[in-house]
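Chemist: Before anything else, here's the structure in question.
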Amino acid sequence: MTAFVPDFGKAGGLVPAIAQDADTGEVLMMAWMNAEAFEMTLKTGEAHYFSRSRGRLWHKGGTSGHTQHIRAVRLDCDSDTILLLVEQRGGAACHEGYRSCFYREMKDGEVSICSPKVFDPKEVYK
């Protein structure tokens, strides 16, 4: 079996982690993971990330209840990017209330909202 350990040494201890809906293939979000976040994700079966702005680990959905249940974890060929195939519980991955953090789209020079808004952040993050 091939080693399954991200290379956290390439970028100062952090690697990008992409969360993708395991059923639909929709890209939900990108966040950062350090070794501790990766270990907690594997241990608990729910996504944990590292917040660069707060300088600490965070459990996705710990405040909102919009957790990400891990179905599978993949590493890219260089072991410096993580892909999480998830079941998005609660309906939204984005702290702005949208299903996906990639909710804005530019097509033919026009910008539009392309992901449904699931909740009002003012009501969830009081």
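Backbone N, Cα and C atoms are what each Cβ position is placed from, and that goes for glycine too.
Sequence annotations record features per position, and here Swiss-Prot assigns Mg(2+) binding site to Asp76, Asp78, Asp80 based on sequence analysis. Per Swiss-Prot, Zn(2+) binding site is recorded for Cys77, Cys94, Cys101, and the stated evidence type is sequence analysis.
Would you situate these features in the structure and describe their surroundings?
Modeler: For Asp76 (Mg(2+) binding site), the same-chain residues 6+ apart in sequence whose C-beta sits under 8 angstroms from its C-beta are Ile82, Leu83.
Secondary structure at Cys101 (Zn(2+) binding site), as computed by DSSP, is coil. Taking all protein chains in view, 18 other C-beta atoms sit within 10 angstroms of the C-beta of Cys101 (Zn(2+) binding site).
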Chemist: Would you please pick out, from the binding-site residues Cys77, Cys94, the one with the fewest other Cβ atoms within 10 Å of its Cβ?
Modeler: Cys77
Chemist: List the residues of the same chain that sit at least 6 positions away from Asp78 (Mg(2+) binding site) in sequence and have their Cβ under 8 Å from its Cβ, in sequence order, or write 'none'.
Modeler: Asp7, Lys10
Chemist: Beyond the listed site residues Asp76, Asp78, Asp80, identify every same-chain residue whose Cβ lies within 8 Å of the center of their Cβ atoms for the Mg(2+) site.
Modeler: Asp7, Val15, Leu75, Cys77, Ser79, Thr81
